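Colleague: What follows is a structure written as C-alpha cells; I'll ask about it next.
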Ligand code: CP
Ligand code: NVA
C-alpha cells in the first residue's frame, strides 16, 4: 500500500482498504510505543502545524507524533502567521511547501484546506474544518476495533448535531468501513442530502447502512456505540446557543440513553465535552439557560457527567488514539515506499 505524497483532507478520498491499512499501521505504531521501540524513521523532515482555531488533542497528537518519528515541528497558532490577514491561503501554501515536508491545517473552511492541498506540493493533513474532521475518525475507529475486534457490522448511533464536521465525517467513515450508522437529531440538523446520497452509494459496496431518526430511544436501541459531540462548534456565533439548546437538550446522552444501548455498549466523544460547570462556557450556559432548560442547569450539555465517568466511557483511550493514528497518517504519506 503506497500513500506517499497523498493529502489527507477527507475520508471520501480513501478506499476501504487504504483506511484499513492506516488503522493497521496505527495499531503497530501504538504497540511499538508501548514496547519502548523507537521509530524515528523520518529524520531530516520537518512539518508545520497551522491552526486558525484552538486545539489540545490535535495539536499535541501532531507534535508528539512528529517528534516520535524523528521530525522537526513548527506550530503556528491562530495569531502566529500572516495567513488570511496579509497573505492568502494559496500564497501561504506555496511558501510553506518550499520549507516543510508536510502541512497540517485546522481552520474555518474546507475550501482552504483544499486550496493548501492543491498548491503546497507536499502532503496536507486536515486537522478539522467546518465540514470534516477525518483524523478524528481514524482514532475513533481504532478505539472501536480495540473494543470489539471489528468495524464491520458495528451498530453506531451518533446523537446530536449530525451535520457538523463530526456528524459528516463519522457518516462517511461508517459508509466506507461497513458500520450501521444512525444519526439521531432533529431533522434540521441532519447532513446535506447530497452527502447522505454519496454515503448511501458507498454503502452499497461495503454492507454499511445509513439511517436517521428524530427519536433518541429508537436510534440508540441496542447499539454498540453511542457517540456525541458539542452542540455548538468552533467558529459558530455565540447567538446560536439559544436555538441549539432548544433543539438538542432532548438529545442529551444520559444514563437512560446509555442503558437503552447494548449491555456491552461504549460511549464515545471526540472531546472537549461539556459535562459540568468546571469550564467557563459550561458555567456560563448553566447560568444563562439553566432556569429555562433544566437539563443544562449543572453545565451538563451533550452528555451527563455520570455517562462520561462511567466504565462504558472510552473517551480518554479515544483521545490517546489521536496520536497513534495521526502518526500513522504522517508516516504513510511522507515515507518513501521503496525504502
Ligand atoms: N477532538 C479534537 O479535535 O480536540 P482538539 O480540539 O483539542 O484538537
Ligand atoms: N464539532 C466540534 C469538534 C471539536 C473537536 C467543533 O468543530 O468544535
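One is the number of the first residue shown, and numbering goes on along the chain from there.
Including glycine, each Cβ sits where the backbone N, Cα and C put it.
Automated prediction, rather than curation, is the source of TrEMBL annotations.
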Colleague: Name the one residue among 126, 165, 298, 321 that TrEMBL lists for the same L-ornithine site as 229, 233, 234.
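Modeller: That L-ornithine site, as TrEMBL gives it, pairs 229, 233, 234 with 165.
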Colleague: Can you list which of the binding-site residues 55, 165, 229, 233, 270 have their Cβ under 6 Å from some atom of ligand 2?
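Modeller: Those binding-site residues that pass the cut-off, since their Cβ is under 6 Å from ligand 2, are 165, 229, 233, 270.
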Colleague: Could you give the Cα-Cα distance between residue 234 (L-ornithine binding site) and residue 322 (carbamoyl phosphate binding site), in whole Å?
Modeller: 19
Colleague: Which binding-site residues are spatial neighbours of residue 133 (carbamoyl phosphate binding site) here, meaning Cα within 10 Å, out of 165, 229, 233?
Modeller: 165
Colleague: Where ligand 1 binds, which of the binding-site residues 82, 229, 233 are close by, with Cβ under 6 Å?
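Modeller: None, by Cβ distance under 6 Å.
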Colleague: Given the binding-site residues 55, 82, 135, 165, and counting only Cβ atoms in the protein chains shown, which has the most within 10 Å of its Cβ?
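Modeller: Highest number of other Cβ atoms within 10 Å: 135.
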Colleague: So of 234, 270, which of the binding-site residues has the fewest other Cβ atoms within 10 Å around its own Cβ?
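Modeller: Across 234, 270, these binding-site residues, the one with fewest Cβ atoms within 10 Å is 234.
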Colleague: Taking the Cβ of residue 233 (L-ornithine binding site) as the reference point, list residues of the same chain whose Cβ is under 8 angstroms away and which are at least six residues distant in sequence.
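Modeller: In sequence order, the residues whose Cβ lies under 8 Å from that of residue 233 (L-ornithine binding site) (at least 6 apart) are 130, 161, 164, 165.
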